[in-house]
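According to Swiss-Prot, the features are:
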MOD_RES   Asp89  3-methylthioaspartic acid
REGION    104-124  region 'Disordered'
Amino acid sequence: MPTIQQLIRTERSRLKAKTKSPALKSCPERRGVCTRVYTSTPKKPNSALRKVARVRLTSGFEVTAYIGGVGHNLQEHSVVLIRGGRVKDLPGVRYHIIRGTLDTAGVKDRRQSRSKYGAKTPKE
């Protein structure tokens, strides 16, 4: 424990908050190119085949990103936009691919939460 004199001499250093999405480099989104599109299995209590893609970003990072929604049109060399946000049951997946932008199509026949999946207003 420091003395008051030691604290006067040198102030306590603040702890720097570590970012949860370092590959974005303080940007809201980043563009990248898919290098591999595949499925992955989640952690213990859950069971599924989650769609993920390995993406090389313009910031120089290569990250694993989750493809949300039902069905997708992504393949190798597709250009995608990535946002932060992890997938709790997939270790190492800290990013999401934004649907409805660049080469990523929106989800078909989506009626609720359309803005999250890049779906246009359905025709009546």
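Note that Cβ sites are derived from N, Cα and C of the backbone, with glycine treated the same way.
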What DSSP reports for the region 'Disordered' (104-124) is 3 helix, 0 strand, 18 coil
What is the number of other Cβ atoms found within 10 Å of the Cβ of Asp89 (3-methylthioaspartic acid)? 16
